[in-house]
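A.B. asks: Take a look at the following structure, please.
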Amino acid sequence: MLINIYNDRLCDWRISRPGRIEVVCGSMFSGKTEELIRRMKRAKFAKQRVEIFKPAMDVRYSAEDVVSHDQNSIPSTPIDTSSSILLLASNIDVVGIDEAQFLDQGLIDVCNQLANKGIRVIVAGLDMDFQGKPFGPIPGLCAIADEVVKVHAICVKCGALAYISHRLVDNDKRVLLGEKQTYEPLCRECYQRALQEEQ
Ligand SMILES: Nc1ncnc2c1ncn2[C@@H]1O[C@H](COP(=O)(O)OP(=O)(O)O)[C@@H](O)[C@H]1O
Ligand SMILES: Cc1cn([C@H]2C[C@H](O)[C@@H](COP(=O)(O)O)O2)c(=O)[nH]c1=O
Ligand SMILES: [Zn+2]
């Protein structure tokens, strides 16, 4: 009897496909991409139809795949604008978006539209740029999300939880693709000290 009630509810859940927005944000090396890949792979195990998008400009490890710093990967569709997601996500249960900080502000409305249609949307991206300023559509997405998870890297100077990606090269452009040669995750104290030393 109990099992039947449980199965009925499970079926209801599958049929109604409750839409929601989940945001995974934090600094570089905090595990955002790994968490996105983990959630998308679990959705695939549950036989859900998944599609992962990433900004086409992010060609760091691969032009096509979403790849973590530990080389975990999952196939993705590169896009130039957020509106492409609406066109490409028909008949999909779960939409994943990586490096969302590089997409336009329209992404907020796109995610809302998808969730309102019953789609589960999982967005991963940097909460702040190298100067500590909120990055692209991520803050707006946090505001409308059903769930926000802030993940943390380890500060490479002191071993505390990092909160920001410190840029190691002299370049003021907001967008600068890079890895460990270009950025290091730091805690608040070590970041302040690093800025003072740079002056
Ligand atoms: N300082 C660090 N703190 C935590 N993880 C690190 C650090 N440096 C390298 N890593 C590696 O980065 C991985 C996370 O990679 P990834 O999911 O691509 O992060 P993100 O997408 O947030 O940049 C960790 O599992 C770890 O192996
Ligand atoms: C802080 C910061 C980062 N970037 C770039 C550097 C990387 O190419 C990506 C972040 O990748 P990750 O998966 O989160 O490690 O963003 C940038 O362009 N500007 C910045 O301020
Ligand atoms: Zn520190």
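Any Cβ shown, glycine's included, is placed from N, Cα and C.
No curator has checked TrEMBL annotations; they are predicted automatically.
If you look up TrEMBL, you'll see GLU99 marked as active site, proton acceptor. Among the features that TrEMBL reports, ATP binding site is placed at GLY26, SER27, MET28, PHE29, SER30, GLY31, LYS32, THR33, ASP98, GLU99, ALA100, GLN101. Annotated Zn(2+) binding site per TrEMBL: CYS155, CYS158, CYS187, CYS190, in sequence order. The substrate binding site feature in TrEMBL is assigned to VAL175, LEU176, LEU177, GLY178, TYR183.
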A.B. asks: Would you kindly give the Cα-Cα distance separating CYS158 (Zn(2+) binding site) and ASP98 (ATP binding site), rounded to the nearest Å?
C.D. replies: 28
A.B. asks: How many whole Å apart are the CA atoms of CYS158 (Zn(2+) binding site) and SER30 (ATP binding site)?
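C.D. replies: Spelling it out, the Cα of CYS158 (Zn(2+) binding site) and the Cα of SER30 (ATP binding site) are 16 Å apart.
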A.B. asks: Under 6 Å from ligand 1 by Cβ, which binding-site residues from ALA100, VAL175, TYR183, CYS187, CYS190?
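C.D. replies: Correct list: empty, so none.
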A.B. asks: Sort the recorded positions MET28, SER30, GLU99, CYS155, CYS190 by C-alpha distance from TYR183 (substrate binding site) and give me just the closest.
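C.D. replies: Comparing Cα positions, the closest of these recorded positions turns out to be MET28.
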A.B. asks: List, in residue order, those binding-site residues out of ALA100, CYS155, CYS187, CYS190 with a Cβ under 6 Å from any atom belonging to ligand 3.
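C.D. replies: Cβ under 6 Å from ligand 3: CYS155, CYS187, CYS190.
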A.B. asks: Just how many other Cβ atoms lie inside 10 Å of the Cβ on GLY26 (ATP binding site)?
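C.D. replies: GLY26 (ATP binding site): 25 neighbouring Cβ atoms within 10 Å.
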A.B. asks: Sequence gap of 6 or more, Cβ distance under 8 Å: name the residues on the same chain that satisfy this around CYS155 (Zn(2+) binding site), in order along the sequence.
C.D. replies: LEU161, ALA162, PRO185, LEU186, CYS187, CYS190
A.B. asks: For the recorded positions listed here (GLU99, ALA100, VAL175, CYS187, CYS190), tell me which residue's CB has the most neighbouring CB atoms inside 10 Å.
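C.D. replies: Max Cβ neighbours within 10 Å, all protein chains included: ALA100.
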A.B. asks: Out of the binding-site residues I have (MET28, ALA100, CYS158), which ones have their Cβ sitting under 6 Å from ligand 2?
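C.D. replies: The ones that qualify, in sequence order, are MET28.
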A.B. asks: Of all the binding-site residues here, MET28, CYS158, LEU176, LEU177, which one's CB has the most other CB atoms within 10 A?
C.D. replies: MET28
